[in-house]
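As written in Swiss-Prot, here are the features:
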BINDING   Gly103, Asn104, Gly130, Gly131, Trp132, Thr133, Tyr173, Met238, Ala239, Tyr240, Asp241, Trp379  chitin binding site
COMPBIAS  392-408  compositional bias 'Polar residues'
CARBOHYD  Asn74  N-linked glycosylation site
CARBOHYD  Asn78  N-linked glycosylation site
CARBOHYD  Asn96  N-linked glycosylation site
CARBOHYD  Asn248  N-linked glycosylation site
CARBOHYD  Asn347  N-linked glycosylation site
REGION    385-412  region 'Disordered'
Amino acid sequence: MPSLFAQSLAIIATLQATLGLATPVSAPDTVTGKHAGGYVNAVYFTNWGIYGRNYQPADLPASQISHVLYSFLNLSNNGTVYSGDSWADIDKHYPNDSWNDVGNNVYGCVKQLYLLKKANRNMKTMLSIGGWTWSTNFPAAASTAATRSNFAKSAVTIMKDWGFDGIDVDWEYPADDAQAANMVLLLQAVRDELDAYAAKFAQGYHFQLSIAAPAGPANYNKLHLGDLGKVLDYINLMAYDFSGSWSNSSAHNANLYANPGNLNATPFNTDDAVNDYIKGGVPASKIVLGMPIYGKSFQKTNGIGKPFSGVGDGSWENGIWDYKVLPKAGATVIYDDVAKGYYSYDNRTQELISYDTPDITKEKVTYLKSKGLGGSMFWEASADRQGPDSLIGTSSNKLGGPDTTENLLNYPDSKYDNMRKQMA
């Protein structure tokens, strides 16, 4: 006969499975850097991707993903967080959605992501707020206790109404020390609100809190890194966009290291940023290495680190190409073994495109493991290939599979009837 302890564990496990509860997030393993549940393999999913790109939540390789960072929610200067596209988020009816449901129900990407969570219990969803376009109001929203409280309460309200597992703040970027200090206070307010909600409605569950963070020293040197390391679960390091139309020379987009023999090709590098974050007081296990699923193009250039003239067109905006269309026909793929970065070059058109490949993704995973980092992050899902050349899948396989910490399915305080019923 099982012991009372064993019987108790069995009862708890049954309740978790029945009610959609999940085990708390484990503390980091200080030897490997990863959390006890495994490595993060996170990806940003953009709600605008459902339009021209025709990339829907069901297209996500959910079994290979630990966190979906759903982008973006907007915010007002008084701290109120709100949907910037309610049709995409909560109104769009997908083929299996009924128009005759009774009650107040949620649809759109939110419902689709919840259904993915039900089918893939290790995939967590994070509500990502801000982004490059919608960061304007962060300074005001973080400036007073009242606006910080409003931000935290409104963000957590949307999170629980939509059935998400945490909040990701994408403030690009605090401009000075005062804003950096207020950022920490804002995040602490969110942490407190998440914990208060969990204590009341999801006891034992740890809602996660992360940020998207810069890899350029001019931006991260302003941050209070040690304080961020204490309040956050993860820091998603945006180790890309090292070059572009603003650059003086064609250069790598997301290289691991500097190339002393060709510094024009490596104005920034990932390793310096990672080391600076760790020196600044961020536990290595909380740093998630961001990788691009796109390439940066340079026109009329004689090679990497050389002058260029324009960036040309792109998949959706000038100078930026989805990984899934690269390399272009006629281009040769070249590896910079010093900087650890790939690019394609067409001798005829003199177009150079710097982008990540499956091989460099494997190399980056090896790197992040050696540094004790928490895992991988990708921007953004719609640009990836399917099949064996998927960058998301390549990372997942090299990591040994994504973090197995379970998501939450039970949201008894959601304002939506079908969410409270777990879409049953």
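Glycine residues also receive a Cβ, built from the backbone N, Cα and C atoms like all the rest.
Considering only the binding-site residues Gly103, Gly130, the Cβ with the fewest other Cβ atoms within 10 Å is that of Gly103. Here the Cα atom of Asp241 (chitin binding site) is found 23 Å from that of Asn74 (N-linked glycosylation site). In this structure the C-alpha atoms belonging to Asn248 (N-linked glycosylation site) and Ala239 (chitin binding site) are separated by 19 Å.
The glycosylation sites Asn78, Asn96, Asn347 differ in how many other CB atoms lie within 10 Å of their CB, and the one with the most is Asn78. The shortest Cα-Cα distance from Gly130 (chitin binding site) to any of the glycosylation sites (Asn78, Asn96, Asn347) is found for Asn78. Between the candidate binding-site residues, Trp132, Tyr173, the densest Cβ environment within 10 Å is the one around Tyr173. Looking at the residues that bind chitin per the record, Gly103, Asn104, Gly130, Gly131, Trp132, Thr133, Tyr173, Met238, Ala239, Tyr240, Asp241, Trp379, the two CA atoms farthest apart are separated by 45 Å. The Cβ neighbour count for Asn74 (N-linked glycosylation site), using a 10 Å radius over every protein chain in view, is 18. A simple way to gauge crowding: the CB of Ala239 (chitin binding site) has 28 other CB atoms within 10 angstroms, across all the protein chains here. Across the region 'Disordered' (385-412), DSSP classifies residues as 12 helix, 1 strand, 15 coil. The secondary structure of Gly130 (chitin binding site), as reduced to three states from DSSP, is extended strand. The closest partner of Ala239 (chitin binding site) among the glycosylation sites, by CA position, is Asn74; the full candidate set was Asn74, Asn78, Asn96, Asn347.
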